[in-house]
Amino acid sequence: MELRRDGADETKRDAVVAAFKHAWSAYERDAMGYDEYHPISKRGENLAHSGGIGYTVVDAIDTMYLMGLEPEYQRARTWVETELTFDQPGEFSMFETSIRVLGGLLSSFYLTSDRVFLTHAVDLADRLIHAFDTQSGLPSPSVDLQNRKGVVDSFASDRVSTAEAATLQLEFRYLAQLTKNDTYWYKSEHVMAIINKAKLPHNLVPIYMSARSGTFTSSEIRLGSRGDSYYEYLLKQYLQTSRTESIYRKMYMDSMQGVHDELVQKTPAKGVTYIAELTPINVNKYTLQHKQDHLVCFLAGSLMLGATTTGAMTRTVSVPPEQHELSEEGRRDWQTGKDLLETCMYTHETATGLAPEIAMFRTDDEGEPRDWYIKNSRPGGPSSYDARYMLRPETVESLFIAWRLTGDIRYRNYAWNIFSSIEKYAKLPGGGYATVLDVDTVPVSLDDKQETFFLSETLKYLYLIFCDSSVLPLQDVVFNTEAHPLPVFVPTIKPAFSSSSH
């Protein structure tokens, strides 16, 4: 293993900054203030008819601040101060608004101490908090911000996504710590108590719950969409409060045991590690699905971070950790995390060097060149939804954590390869970046969408990989699921769930 040449790789770091400027300046030119950006047609679009709620601006503002883009940052800050209002009619996703907008405001306040961000965060949270006004206390999926009330899913009025309900806690707990308003803490924390009470024998969670009863409904068990960030936030809640709440350590470790017992698989041909899904056949019976969302790649870094914290025998471990510094579970999680990250890089072995949205893994040894494939993908035929690359961050997020925890230059090299493929295939000459519709077909076809997480997550993690490791040290911050850094703190509010008897 080639170990760290410490410090920044300035040439590569500056190339990532240039990419951010290429993406941001096009948005600012064509769509400033709009929630979403269509870079091919050069237009913005809002989630509601009345106006934007800062989806793109607030999601991107901490990235430009970290990158030292002072003029861009000042213009974005002015927009927040003078234009941003949450007094908007319409229904907004509780989850997306919390992780992108509330998270972005809170991280910007943490980094700058500028109260304009905190003022807006409090205003937004006071509107979002009404999502928790349900029979069980699980938040409704949507919120009417103007009228301050939760809105149920019109298709399935009782249904709540487990990950969405359990991926609000870092944001609301930090705001409670800042404002001394414990309502934010207790309403969001109560969700964790409900989930802990409803838990199943293997400690894995189905992706849907009942808002009325607070119990799980018969639905898939997976670490991809609607499941992923539940597991991510178990670990991060433990780390956020300086490892003072042991209940989250226990819930995280129990769930990782379940992942290893039920979901970790290896292909017969090359022994490639992947995380399968469980689909319900009836109430207590599940069948394995050998598919892995790109979203699952967050787990590689999460397992490595967990191994060096929940799985460590000492408060701090070496870089990279010595075997004797880790518990048996820590050593297991470290290895699975490293193996899964190699799998995620393996799914980048495509015509473009970009990974598909969903990969299927082969369960037989038929001598195929790749142990994975894209479902319904036929050369010359229409590309399947699974084949697209939406500028997603999960692999580079895990590469960032792996680089920080190992100092192994291979992770920087992997990150540069991904960045180079994004530059080659997703970049638009006229400004912005777009979704690649089929990662295995060159020349590429593009979809007219630049996701906000490209600015807040993908480019931020790429930037941090090539920065000196003193920038946002992992022991000082937790990143929310939208890559907004929030500080580690010792809580001044007494937690109710984690200090009650279990």
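Using N, Cα and C of the backbone, Cβ positions are placed for all residues, glycine too.
DSSP classifies E96 (active site, proton donor) as helix under the three-state reduction. If you take the C-beta of E96 (active site, proton donor) and look for same-chain residues 6 or more apart in sequence within under 8 angstroms, you find Y55. Look at TrEMBL and you will find E96 (among others) tagged as active site, proton donor.
Around D228 (active site), the C-beta neighbours below 8 angstroms that are at least 6 residues distant in the chain are A163, R222, D293, L295, V296, F298, L299. Among the features that TrEMBL reports, active site is placed at D228 (among others).
For the recorded site, C297 (disulfide bond), the DSSP three-state label reads helix. A 10 Å cutoff on Cβ-Cβ distances gives C297 (disulfide bond) a total of 29 other Cβ atoms nearby, all chains included. Look at TrEMBL and you will find C297-C344 tagged as disulfide bond.
According to its DSSP assignment, E357 (active site, proton donor) is coil. Annotated active site, proton donor per TrEMBL: E357 (among others), in sequence order.
The local packing around E394 (active site), expressed as other Cβ atoms within 10 Å of its Cβ over all shown chains, amounts to 24. The active site feature in TrEMBL is assigned to E394 (among others).
Under the heading Ca(2+) binding site, TrEMBL lists T481. Look at T481 (Ca(2+) binding site): DSSP puts it in coil. In this view, T481 (Ca(2+) binding site) is surrounded by 24 other Cβ atoms within 10 Å of its Cβ, with every protein chain counted.
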Nearest by CA distance to C297 (disulfide bond): which of the recorded positions is it, out of E357, E394, T481?
E394
Distance check against C344 (disulfide bond) for the recorded positions E357, E394, T481, keeping those with Cα within 10 Å:
E394
About how far apart, in whole Å, are the alpha carbons (Cα) of E357 (active site, proton donor) and E394 (active site)?
11
Between T481 (Ca(2+) binding site) and E394 (active site), how far is it from one CA atom to the other, in Å?
10
So for E357 (active site, proton donor), how many other CB atoms are inside 10 Å of its CB?
20
